[in-house]
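Single-structure report; data block below.
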Amino acid sequence: METGELSTSPLVIAIDGPSGSGKSSVSKAVARSLGLSYLDTGAMYRAATWWCLHSGIELTDATAVADAVRAMPLVMGVDPAAPTVTVGGTDIGEAIRETSISASVSAVATNLDVRAELGRLQRAAIEEAGHADSFSQGRGIVAEGRDITTVVAPDADVRVLLTASEEARLARRSLEVHGDADAASVEATRDQVLRRDADDSTVVQFHVAADGVVTVDSSDLDFDQTVQAVLDVVAAR
(Lines of atoms letter the chains of each structure in order from A and count residues from 1; the text may use other names and numbers.)
(Lines give C-alpha, C1' and ligand atoms only; values in the text may rest on other atoms or scores of the structure.)
Protein backbone atom coordinates (compact mmCIF):
# COMPACT_ATOMS: atom_id res chain seq x y z
CA MET A 1 0.00 0.00 0.00
CA GLU A 2 1.21 3.48 -0.81
CA THR A 3 1.62 5.75 2.16
CA GLY A 4 1.95 9.48 2.50
CA GLU A 5 2.41 12.00 5.22
CA LEU A 6 0.56 11.14 8.41
CA SER A 7 -2.16 13.55 9.51
CA THR A 8 -2.15 14.77 13.08
CA SER A 9 -5.16 12.92 14.44
CA PRO A 10 -6.92 10.40 12.20
CA LEU A 11 -10.12 9.05 13.73
CA VAL A 12 -10.48 5.28 13.95
CA ILE A 13 -13.97 3.92 14.63
CA ALA A 14 -14.32 0.16 15.13
CA ILE A 15 -17.78 -1.45 14.97
CA ASP A 16 -18.33 -5.07 15.98
CA GLY A 17 -21.41 -7.25 16.27
CA PRO A 18 -23.22 -10.45 15.24
CA SER A 19 -24.87 -11.27 11.90
CA GLY A 20 -27.85 -9.10 11.05
CA SER A 21 -26.97 -6.39 13.56
CA GLY A 22 -26.60 -3.82 10.78
CA LYS A 23 -22.82 -3.42 11.02
CA SER A 24 -22.20 -2.85 7.33
CA SER A 25 -25.03 -0.47 6.47
CA VAL A 26 -24.62 1.55 9.65
CA SER A 27 -20.83 1.69 9.33
CA LYS A 28 -21.07 2.96 5.75
CA ALA A 29 -23.53 5.66 6.77
CA VAL A 30 -21.35 6.75 9.68
CA ALA A 31 -18.30 6.89 7.42
CA ARG A 32 -20.17 8.96 4.82
CA SER A 33 -21.41 11.34 7.50
CA LEU A 34 -17.92 11.94 8.88
CA GLY A 35 -15.98 11.89 5.61
CA LEU A 36 -14.04 8.77 6.58
CA SER A 37 -12.86 5.69 4.74
CA TYR A 38 -14.83 2.46 5.24
CA LEU A 39 -13.48 -1.07 5.62
CA ASP A 40 -15.74 -4.12 5.56
CA THR A 41 -13.57 -6.82 7.12
CA GLY A 42 -16.30 -9.43 6.67
CA ALA A 43 -16.06 -8.89 2.92
CA MET A 44 -12.38 -9.76 3.17
CA TYR A 45 -13.25 -13.18 4.59
CA ARG A 46 -15.84 -13.65 1.88
CA ALA A 47 -13.24 -12.67 -0.72
CA ALA A 48 -10.82 -15.20 0.75
CA THR A 49 -13.52 -17.86 0.52
CA TRP A 50 -14.26 -16.96 -3.09
CA TRP A 51 -10.54 -17.03 -3.91
CA CYS A 52 -10.04 -20.48 -2.40
CA LEU A 53 -13.08 -21.95 -4.14
CA HIS A 54 -12.12 -20.25 -7.41
CA SER A 55 -8.63 -21.74 -7.05
CA GLY A 56 -9.99 -25.24 -6.44
CA ILE A 57 -8.73 -25.47 -2.87
CA GLU A 58 -10.49 -27.72 -0.38
CA LEU A 59 -11.64 -25.56 2.51
CA THR A 60 -10.94 -28.43 4.91
CA ASP A 61 -7.22 -28.18 4.05
CA ALA A 62 -6.32 -25.47 6.56
CA THR A 63 -2.71 -25.12 5.42
CA ALA A 64 -3.61 -24.81 1.74
CA VAL A 65 -6.32 -22.27 2.56
CA ALA A 66 -3.91 -20.14 4.60
CA ASP A 67 -1.26 -20.28 1.88
CA ALA A 68 -3.81 -19.26 -0.75
CA VAL A 69 -5.02 -16.32 1.31
CA ARG A 70 -1.46 -15.07 1.81
CA ALA A 71 -1.07 -15.03 -1.98
CA MET A 72 -4.48 -13.50 -2.70
CA PRO A 73 -4.19 -10.25 -4.75
CA LEU A 74 -6.94 -8.49 -2.79
CA VAL A 75 -7.75 -4.79 -3.10
CA MET A 76 -10.44 -3.22 -0.92
CA GLY A 77 -12.01 0.01 -2.15
CA VAL A 78 -12.74 2.15 0.92
CA ASP A 79 -15.19 4.74 -0.45
CA PRO A 80 -18.27 4.26 1.80
CA ALA A 81 -20.55 5.44 -1.00
CA ALA A 82 -19.26 2.71 -3.32
CA PRO A 83 -17.01 0.18 -1.56
CA THR A 84 -15.41 -2.38 -3.84
CA VAL A 85 -13.76 -5.78 -3.51
CA THR A 86 -11.41 -6.89 -6.27
CA VAL A 87 -9.12 -9.89 -6.56
CA GLY A 88 -6.56 -9.91 -9.33
CA GLY A 89 -8.40 -7.04 -11.00
CA THR A 90 -11.76 -8.87 -10.97
CA ASP A 91 -14.64 -7.15 -9.18
CA ILE A 92 -16.17 -9.81 -6.93
CA GLY A 93 -18.43 -7.54 -4.89
CA GLU A 94 -21.58 -9.35 -6.00
CA ALA A 95 -20.06 -12.82 -6.21
CA ILE A 96 -19.05 -12.84 -2.54
CA ARG A 97 -22.68 -12.30 -1.50
CA GLU A 98 -23.86 -15.47 -3.19
CA THR A 99 -25.38 -18.23 -1.07
CA SER A 100 -22.50 -20.61 -1.80
CA ILE A 101 -20.04 -18.16 -0.25
CA SER A 102 -22.28 -17.49 2.75
CA ALA A 103 -22.52 -21.23 3.36
CA SER A 104 -18.74 -21.72 3.19
CA VAL A 105 -17.20 -18.60 4.72
CA SER A 106 -17.05 -19.90 8.29
CA ALA A 107 -14.61 -22.63 7.22
CA VAL A 108 -12.22 -19.88 6.17
CA ALA A 109 -13.04 -17.37 8.90
CA THR A 110 -12.29 -19.88 11.66
CA ASN A 111 -8.82 -20.61 10.24
CA LEU A 112 -6.47 -18.88 12.69
CA ASP A 113 -3.71 -18.42 10.11
CA VAL A 114 -6.20 -16.75 7.79
CA ARG A 115 -7.36 -14.49 10.61
CA ALA A 116 -3.75 -13.51 11.28
CA GLU A 117 -3.12 -12.63 7.63
CA LEU A 118 -6.34 -10.71 7.10
CA GLY A 119 -5.86 -8.99 10.44
CA ARG A 120 -2.48 -7.79 9.18
CA LEU A 121 -4.09 -6.40 6.03
CA GLN A 122 -6.85 -4.76 8.07
CA ARG A 123 -4.38 -3.01 10.36
CA ALA A 124 -2.48 -1.81 7.30
CA ALA A 125 -5.69 -0.38 5.82
CA ILE A 126 -6.48 1.39 9.09
CA GLU A 127 -2.99 2.89 9.18
CA GLU A 128 -3.23 3.97 5.55
CA ALA A 129 -6.45 5.87 6.25
CA GLY A 130 -4.41 8.18 8.46
CA HIS A 131 -2.26 9.30 5.54
CA ALA A 132 -2.94 12.55 3.71
CA ASP A 133 -2.96 10.81 0.31
CA SER A 134 -5.59 8.26 1.33
CA PHE A 135 -9.27 8.33 0.33
CA SER A 136 -10.19 10.12 3.57
CA GLN A 137 -7.23 12.52 3.20
CA GLY A 138 -6.02 11.47 6.61
CA ARG A 139 -9.30 11.92 8.45
CA GLY A 140 -9.50 8.24 9.36
CA ILE A 141 -11.69 5.20 8.92
CA VAL A 142 -14.71 3.24 10.07
CA ALA A 143 -13.77 -0.44 10.20
CA GLU A 144 -16.38 -3.08 10.92
CA GLY A 145 -16.23 -6.79 11.57
CA ARG A 146 -16.32 -9.63 14.03
CA ASP A 147 -13.16 -8.94 16.03
CA ILE A 148 -12.36 -5.40 15.02
CA THR A 149 -12.87 -3.90 18.50
CA THR A 150 -10.82 -6.47 20.38
CA VAL A 151 -8.16 -8.02 18.14
CA VAL A 152 -7.60 -5.85 15.09
CA ALA A 153 -8.12 -2.34 16.50
CA PRO A 154 -8.27 -2.55 20.30
CA ASP A 155 -6.84 0.98 20.51
CA ALA A 156 -9.42 2.56 18.19
CA ASP A 157 -10.66 5.99 19.25
CA VAL A 158 -14.25 4.73 19.29
CA ARG A 159 -15.27 1.09 19.72
CA VAL A 160 -18.90 0.07 19.36
CA LEU A 161 -20.66 -3.28 19.75
CA LEU A 162 -23.74 -3.02 17.55
CA THR A 163 -26.28 -5.62 18.56
CA ALA A 164 -29.99 -6.43 18.33
CA SER A 165 -32.40 -9.12 19.42
CA GLU A 166 -32.30 -12.42 17.55
CA GLU A 167 -35.75 -11.68 16.13
CA ALA A 168 -34.66 -8.30 14.77
CA ARG A 169 -31.41 -9.66 13.34
CA LEU A 170 -33.13 -12.52 11.54
CA ALA A 171 -35.76 -10.20 10.07
CA ARG A 172 -33.10 -7.80 8.77
CA ARG A 173 -30.94 -10.49 7.23
CA SER A 174 -34.02 -12.14 5.69
CA LEU A 175 -35.00 -8.85 4.09
CA GLU A 176 -31.46 -8.43 2.77
CA VAL A 177 -31.15 -11.94 1.36
CA HIS A 178 -34.72 -12.79 0.34
CA GLY A 179 -36.26 -9.36 -0.09
CA ASP A 180 -38.92 -10.22 2.47
CA ALA A 181 -39.19 -10.70 6.22
CA ASP A 182 -42.25 -12.94 6.34
CA ALA A 183 -42.23 -16.07 8.49
CA ALA A 184 -41.05 -18.38 5.70
CA SER A 185 -38.18 -16.08 4.69
CA VAL A 186 -37.04 -15.60 8.28
CA GLU A 187 -37.04 -19.35 8.86
CA ALA A 188 -35.02 -19.90 5.68
CA THR A 189 -32.44 -17.45 7.00
CA ARG A 190 -32.34 -18.69 10.59
CA ASP A 191 -30.01 -21.66 10.18
CA GLN A 192 -27.42 -19.76 8.14
CA VAL A 193 -27.27 -16.79 10.52
CA LEU A 194 -27.22 -18.75 13.76
CA ARG A 195 -24.76 -21.33 12.42
CA ARG A 196 -22.41 -18.57 11.23
CA ASP A 197 -22.53 -16.90 14.63
CA ALA A 198 -21.94 -20.21 16.40
CA ASP A 199 -18.99 -21.09 14.16
CA ASP A 200 -17.35 -17.69 14.43
CA SER A 201 -17.82 -17.57 18.19
CA THR A 202 -15.29 -20.40 18.47
CA VAL A 203 -12.51 -17.99 17.47
CA VAL A 204 -13.79 -14.53 18.41
CA GLN A 205 -16.14 -12.97 20.95
CA PHE A 206 -18.68 -10.58 19.43
CA HIS A 207 -21.80 -10.94 21.57
CA VAL A 208 -20.51 -9.21 24.72
CA ALA A 209 -18.78 -5.84 24.75
CA ALA A 210 -15.18 -5.87 25.96
CA ASP A 211 -13.94 -3.24 28.40
CA GLY A 212 -14.11 0.20 26.81
CA VAL A 213 -16.52 -0.89 24.06
CA VAL A 214 -19.88 0.91 23.97
CA THR A 215 -22.95 -1.23 23.26
CA VAL A 216 -25.61 0.12 20.90
CA ASP A 217 -28.75 -2.05 20.87
CA SER A 218 -30.73 -1.37 17.70
CA SER A 219 -33.58 -3.81 18.38
CA ASP A 220 -36.12 -0.98 18.67
CA LEU A 221 -34.35 1.57 16.47
CA ASP A 222 -34.82 2.20 12.78
CA PHE A 223 -31.83 2.67 10.49
CA ASP A 224 -31.49 6.44 10.86
CA GLN A 225 -31.85 6.21 14.63
CA THR A 226 -29.15 3.55 14.79
CA VAL A 227 -26.76 5.65 12.72
CA GLN A 228 -27.44 8.63 14.97
CA ALA A 229 -26.86 6.52 18.08
CA VAL A 230 -23.40 5.59 16.80
CA LEU A 231 -22.66 9.20 15.83
CA ASP A 232 -23.64 10.21 19.35
CA VAL A 233 -21.09 7.75 20.73
CA VAL A 234 -18.46 9.28 18.45
CA ALA A 235 -19.36 12.82 19.53
CA ALA A 236 -19.14 11.85 23.20
CA ARG A 237 -15.64 10.34 22.92
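Residue numbering: from 1, along the chain as shown.
Keep in mind that glycine also has a Cβ here, set from the backbone N, Cα and C atoms.
Automatic, uncurated: that is what TrEMBL annotation is.
The ATP binding site annotation in TrEMBL covers Gly17, Pro18, Ser19, Gly20, Ser21, Gly22, Lys23, Ser24, Ser25. DSSP assigns Gly17 (ATP binding site) to coil in the three-state reduction, outside any helix or strand. There are 28 other CB atoms within 10 A of the CB of Gly17 (ATP binding site), with all protein chains counted.
Annotation source TrEMBL lists domain 'Cytidylate kinase' at 13-234.
Each residue in Val26, Leu162, Ala164, Arg169, Arg172 lies on the same chain as Gly17, Pro18, Ser19, Gly20, Ser21, Gly22, Lys23, Ser24, Ser25 and has a C-beta within 8 Å of the C-beta centroid of that ATP site, without being one of the site residues. This prediction places the mean pLDDT of the domain 'Cytidylate kinase' (13-234) at 89.
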